[in-house]
Ligand code: MLT
């Protein structure tokens, strides 16, 4: 008899965004006339940049020609894309890596989940709370998170609360943690870490021999010139941090699927006997067993993001979504409701009035304004009493959605 991975059975029945879709679908059954506006899941709405489309069309043509056809590509990614990343995302900012420190992937959700494959199941983990739910769920799936307790926390996870009282900036934990997840600009609160705040984390990791999983999927949305885009802007980070970047929110690739991971050669983890193992080599071994690389067409599309036209088009796209955020904030600020974010990230983090729970406020917005939000508690216990709105919608949808929300407050 085959036995299941019982850890998976500990997960809530649905992933957060699946749960929301289910609730919205039942609302649609009872309200078939409703004109629902979706400001829930952070999915982009603008088409991918023209430079990427043209590059992908050309690449598809190459695959249809016997002289330029390609089969399996390198598991780690094609040199042309890795070189573009090294040059534009790092060397241009004074950060240098070798090509074999970059791993092209199908996006940060898979990467931040899969990285757990090369780390023992009994490492302790720490997360900022609220946090992108896939980090927790993937640790639950392999038994690393322990069991779910009554307060909504997992027994083996250290939660670092990010609340109004600390400006949504987590405090450095008192205890030692093996693996720390940081996501900045933050999903869902929209908060960012200054250089000095990020330095505290790098120093903590160095002093405690910890590993930082740094998700920078939203770095293109940083508007403040003093905020770091990469953890490697901090001295010493190359020894303790793995960075994740995504083209999903940068260039509308949520459906195309492409991102990358940086694993510097200096980052190591130990065996039980204390031998240090470079994670870069271990990840390559894992990838060459379980992954055959991202499609050539996709990687050519991603490479086009770094051309002069691609850069302009991406900039305009980010500007559009940040303008949405600005418009939404302006309208919300007239209502007296408390909200945060939307400055360096495409998310607004809204405090539910009258101490309503996240789901109660979610229902109010759905039933009275016919707007879909994301309940904050879905991102962790400290998210209770909040909802998140995305500014990734089309302009008229963001405007109308916020207008309807303002009316029902
Ligand atoms: C979100 O809404 O938090 C994200 O879009 C989900 C994701 O990136 O997987």
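Note: Cβ is positioned from N, Cα and C throughout, glycine not excepted.
The annotation substrate binding site is assigned in TrEMBL to 15, 42, 109, 132, 187, 292, 388. Taking a C-beta cut-off of under 8 angstroms and a sequence separation of 6 or more, residue 15 (substrate binding site) has the following same-chain neighbours: 133, 134, 137.
Marked as domain 'Aminotransferase class I/classII large' by TrEMBL: 36-405.
Among the features that TrEMBL reports, pyridoxal 5'-phosphate binding site is placed at 72, 108, 109, 132, 187, 218, 246, 247, 248, 257, 292. Within the same chain, residues at least 6 positions away in sequence whose Cβ sits under 8 Å from that of residue 246 (pyridoxal 5'-phosphate binding site) are 107, 108, 217, 253, 258, 259.
Neighbour density for residue 249 (N6-(pyridoxal phosphate)lysine): within 10 A of its CB lie 27 other CB atoms from the protein chains shown. Look at residue 249 (N6-(pyridoxal phosphate)lysine): DSSP puts it in a helix. Here TrEMBL flags 249 as N6-(pyridoxal phosphate)lysine.
Among the binding-site residues 187, 248, 292, the residue whose Cβ has the fewest other Cβ atoms within 10 Å is 292. It is 15 Å from the Cα atom of residue 132 (substrate binding site) to that of residue 249 (N6-(pyridoxal phosphate)lysine).
Classification of residue 15 (substrate binding site) by DSSP places it in coil, neither helical nor stranded. All protein chains considered, the CB of residue 132 (substrate binding site) has 23 other CB atoms within 10 Å. Comparing C-alpha positions, residue 388 (substrate binding site) sits nearest to 249 among the recorded positions 72, 248, 249. Summed and averaged per residue, pLDDT over the domain 'Aminotransferase class I/classII large' (36-405) gives 97. DSSP assigns residue 109 (substrate binding site) to a helix.
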